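Taken verbatim from Swiss-Prot:
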- 125, 129, 130, 131, 250: (6S)-5,6,7,8-tetrahydrofolate binding site (BINDING)
- 234: N6-(pyridoxal phosphate)lysine (MOD_RES)
- 233: site 'Plays an important role in substrate specificity' (SITE)
């Protein structure tokens, strides 16, 4: 076999055994562990196939019909499919599907609608917001006068009166509604009224709840915001990437220029193909049933944890995630994250509102239902997972360094559970 022939035919296992080995171990991890990280999901075989397609080879700077490279006929076809599907999915007039991530989508809005030094009002990272909403370490916190709103100390719900007061005091150019760790619905109408009262643009970052919105189970922010951003993974169950929506033609033109050439060069056409597939999947009745199951499973998990004496921030959830306050159990986020992983359950440590622990330690964990629901888990399985989590909690209280016997017993039960619901 010639070198050229082998280049196109030699499988990964032969060409690079080290990478193949790591991928095989990662597949085994995903198959045998329960994934409760709220921002993660499991994509379909079709999405994987599209992302691993020959579009990996294609440069396509520009937009459909207006490329800076030749040979883009089929790239145009794929991107146009993605655009039309996401517009239909969220009833939006305009869409840009090229952002490589949610952070890039948010950055493109800031580039399009603000200038360095402007005031931006977003949710504090400490209260459940996202880095890109004005956190000090992020570009949005360095290039802008970032003012942050939070939650009520008693209810742990967004303090809309505070949002309004801060908006009137600081006169932001942009108000951001969205979160990375907030378990309740957002009042988009209230946010828009506040934005209008000070002449600000409203951006909704729906990354975490895009799938819930697509299924019609939460209100659609496109009806309220000047511009909406999102990731394509999480509850939308697509590849890792981003997109931007708006109903305003002038804003759409600015967004397109901000994405390319403002922030990015060539789009990742293989990822856009996978986005198109995921958008198509999200338009089905099966997807709506899936989201209903996600919401039911998250509630069931929360109920079991509360029955076991665990505090939930806001007392429960309206969406796919739970924010668990570990302080009543005398535990730390890092400690619990590590113990649960040893027991076959992956989650992430997470700060809670008014947390006094360092971000590397935290007083909480974040749990989510999307990935385990994708593999077929229902309410019964999530209640079982909740009971197993409580076992690990109690073992940690008795032995803060970890209880190997309990963790191994739980891991065996988790493995048996996963074996009943195989993936790939």
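Please read every residue number as a count from 1 along the shown chain.
Placement of Cβ uses the backbone N, Cα and C atoms for every residue, glycine included.
Small disclaimer: the values here were computed from a predicted structure and weren't measured.
When each of the binding-site residues 125, 131 is scored by how many other Cβ atoms sit within 10 Å of its Cβ, 131 comes out lowest. On a Cα basis, residue 250 ((6S)-5,6,7,8-tetrahydrofolate binding site) lies 28 Å away from residue 233 (site 'Plays an important role in substrate specificity').
Around residue 129 ((6S)-5,6,7,8-tetrahydrofolate binding site), a 10 Å sphere centred on its CB holds 26 further CB atoms from the protein chains shown. Put simply, residue 234 (N6-(pyridoxal phosphate)lysine) is 14 Å from residue 130 ((6S)-5,6,7,8-tetrahydrofolate binding site) when counted between their Cα atoms. The residue listed as 'N6-(pyridoxal phosphate)lysine' has 131 as its nearest neighbour among the binding-site residues 125, 131, 250, going by CA to CA distance. Taking the Cβ of residue 250 ((6S)-5,6,7,8-tetrahydrofolate binding site) as reference, no residue of its chain lies under 8 Å away while being at least six apart in sequence. Taking the Cβ of residue 130 ((6S)-5,6,7,8-tetrahydrofolate binding site) as centre and 10 Å as the limit, one finds 24 other Cβ atoms among all the protein chains shown. Its Cβ placed at the centre, residue 234 (N6-(pyridoxal phosphate)lysine) has 28 other Cβ atoms within 10 Å.
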